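See below for the structure under consideration.
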Amino acid sequence: MKDRYILAFETSCDETSVAVLKNETELLSNVIASQIESHKRFGGVVPEVASRHHVEVITVCIEEALAEAGISEEQVTAVAVTYGPGLVGALLVGLAAAKSFAWAHDIPLIPVNHMAGHLMAAQSVEPLEFPLLALLVSGGHTELVYVSQAGDYKIVGETRDDAVGEAYDKVGRVMGLTYPAGREIDLLAHEGQDIYDFPRAMIKEDNLEFSFSGLKSAFINLHHNAQQKGEVLSNQDLSASFQAAVMDILMAKTKKALEKYPVKTLVVAGGVAANQGLRERLAAEIQDVKVIIPPLRLCGDNAGMIAYASVSEWNKENFASLDLNAKPSLAFETME
């Protein structure tokens, strides 16, 4: 059988990434051009700046991905691309590049949901057994997803306000940390003590919804009041207390979901899945099901995960026409 090569594009936020996947399982290249340094001084991603950076580096990323994979343009058999959710201008850059490549080589164009990419990055660890449950935690999303089969995703619980990664960045800014703050807070948390009693919203409610705005507000108020009194609080203890509250919420809701939906596998994915505190809690508290977390290099935004998610769409011949447009608010369906 002829080898199949998927060329995948990811430009939903502030990473420009192009990857090559061979025969559904072998990731030959995963080139990522990060823009973090450009956005640090703003304390967050500036959409216009992100779009311009994507335009500047996308062609080089394509060339590097193909060279690293050791294949020519003519050997590519399909193109996969993130079409949402994300920043509209950023998405359009990846879409333009992907559609141009697919048109020029007369090969299928596969549309991929960015969050499906995060989830299916777990496929890089081992073949996934369905049905499974996924906890997706990132800068823009916090959701529990039931996956009956590859490509069939249903939200069973999600945040009512802030995403967990967003909360990390906001409290990080209050502590004077650089953007993005998640990794630094995780490191500080391991050096501090959980001495502040932050709220764990909705933790006892019999649903699978999350809320982090109350926790974020309590953190900001504590820090602000201390500043007004001239007190200096330890960033280590603040981080440890904040992270403990976040993990208590995530673990409580995940355990409830596993009780409601008996599955054999739990996938934990998204940028926050790189958090060591979360990985430690999962290892200590989830023993009855197999927990699969993508490797660190596939937790953040990258095109490799988009390639993995595109496989099920390709097998179903779920191809897009060249008028495929960006869907910045694209979301999984909610379980009825």
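Each Cβ is built from the backbone N, Cα and C atoms, and glycine gets one as well.
Record features (Swiss-Prot):
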type	residues	note
BINDING	His114, His118, Asp301	Fe cation binding site
BINDING	Leu136, Val137, Ser138, Gly139, Gly140, Asp169, Gly182, Asp186, Asn275	substrate binding site
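Apart from His114, His118, Asp301, the Fe cation site neighbourhood in this chain, defined by C-beta within 8 angstroms of the site C-beta centre, holds Glu10, Ser12, Thr82, Met115, Gly117, Ser138, Gly270, Asn302, Met305, Ile306. For the recorded site, Leu136 (substrate binding site), the DSSP three-state label reads strand. Nearest Cα neighbour of Gly182 (substrate binding site) among the listed binding-site residues (His114, His118, Asp301): Asp301. For Ser138 (substrate binding site), applying a Cβ distance below 8 Å and a minimum sequence separation of six or more within one chain yields Met115, His118, Ala163, Val164, Gly165, Gly270, Gly271, Val272. Summary for the binding-site residues His118, Gly182, Asn275, Asp301: the Cβ-based neighbour count within 10 Å is maximal at His118. In this structure the C-alpha atoms belonging to Gly140 (substrate binding site) and His114 (Fe cation binding site) are separated by 11 Å. A distance of 11 Å separates the Cα atom of His114 (Fe cation binding site) from that of Leu136 (substrate binding site). Rounded to a whole value, the Cα-Cα separation of Asn275 (substrate binding site) and Asp301 (Fe cation binding site) is 15 Å. Of the binding-site residues His114, Gly140, His114 has the largest number of other Cβ atoms within 10 Å of its own Cβ.
The Cβ of Leu136 (substrate binding site) lies under 8 Å from the Cβ of Met115, His118, Leu119, Thr142, Glu143, Leu144, Val145, Ala269, Gly270, each of these being in the same chain and 6 or more residues away along the sequence. In the three-state DSSP classification, His114 (Fe cation binding site) falls within a helix.
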